[in-house]
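**Q** Take a look at this one; I'll ask things after.
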Amino acid sequence: MGEMSSFQLGVIGALFLSVASSVSIVICNKALMSNLGFPFATTLTSWHLMVTFCTLHCAQRFNMFESKSIDTKTVMLFGILNGVSIGLLNLSLGFNSIGFYQMTKLAIIPFTVLLETLFLKKQFSQKIKFSLLLLLVGVGIASVTDLQLNFVGTILSMLAIVTTCVGQILTNTIQKKLNVSSTQLLYQSAPFQAAILFVSGPLVDQFLTKRNVFAYKYSAIVLAFIILSCFISVAVNFSTFMVIGKTSPVTYQVLGHLKTCLVLAFGYTLLHDPFTIRNIFGILVAIFGMGLYSYFCTQENKKKQSVDLSLGTQMKEKDSTPLIAMQDKESHEAKKSLV
């Protein structure tokens, strides 16, 4: 019971850190890109990952966590895949309208459910599916506006969905199968993610913005916001791996859509972004769907724990029964020999 309560506290802490850090970095990056004119998102992400690795390296040197070696090929492919998925999502945003990009992000949940059902044989109840559908409808109402399709943008969106889903499923699978923590996996994979984005980031950003990140004139306030964004990203990256490892890729995506709703709400209250009744209604529907998802997941986990407990009790009874029977048999044979 003590281990279970500490696990639940760990999950709650990871969820809270993920929401708080993600909303903070979105607001910081929005100010950096929209107000200060720094549009180089992919390059900024590579800096995020480099700072994350340096921070974790310092923490490891001070024995704050134990580094665990993982197969180099596995970590390299995993890091490259995650780096490519980030680049593809940014390219998808560049080639598509905001509305179609939001639809791309919404499609990650059903595709993840499909992949886990087909390849990992994971079962999702009808209640879970209904709550996810309600969540997606709410986020769609709140955030999706225009839907302008084009061939290149559609291909990039499909590739972004596939790589993001596979990357998040692997994040969960690697942690559980290789028995590594979220910190250990992030520490091992961050250099490869940073390397591929550090090389491709300036090219992707120049293609999308028609501007060179190295020719940009950096003011003191821009540098301050970049440094702040990089430090917040350490919490974002750490909590992402932690949430996926402790829960599931689907739960992480559900949490991501909650962040979208919170960002919309904060944008209206703090940045005075345009807001309509449609936005409010969509956010309320999405939050209700997320609440249902959390409730149904909790109920199913309780049922699973009770089943596992009863199976464990039965196994103990089966293990003890032969010993008792053997003792009875031996005592019976001893009595016969005395007679």
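Going from the start of the chain as shown, residues are counted 1 onward.
Glycine residues also receive a Cβ, built from the backbone N, Cα and C atoms like all the rest.
TrEMBL does not curate its annotations; it predicts them automatically.
Copied straight from TrEMBL:
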type: DOMAIN; residues: 21-294; note: domain 'Sugar phosphate transporter'
type: TRANSMEM; residues: 38-62; note: transmembrane segment
type: TRANSMEM; residues: 74-93; note: transmembrane segment
type: TRANSMEM; residues: 132-149; note: transmembrane segment
type: TRANSMEM; residues: 155-173; note: transmembrane segment
type: TRANSMEM; residues: 185-204; note: transmembrane segment
type: TRANSMEM; residues: 216-238; note: transmembrane segment
type: TRANSMEM; residues: 250-271; note: transmembrane segment
type: TRANSMEM; residues: 277-296; note: transmembrane segment
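So where do these features actually land, and what's packed around them?
**A** For the transmembrane segment (185-204), the residues of the chain that approach it from at least six positions outside its boundaries are 40, 42-46, 49-50, 52-53, 56-57, 60, 65, 67-70, 75-76, 78-80, 82-84, 86-87, 90-91, 171, 174-175, 212-214, 237-238, 241, 245, judged by C-beta separation under 8 angstroms.
If one looks beyond the transmembrane segment (277-296) by at least 6 residues along the same chain, the residues whose Cβ comes under 8 Å of a Cβ in the stretch are 125, 127-128, 130-143, 251, 254, 257-258, 260-261, 264-265, 268.
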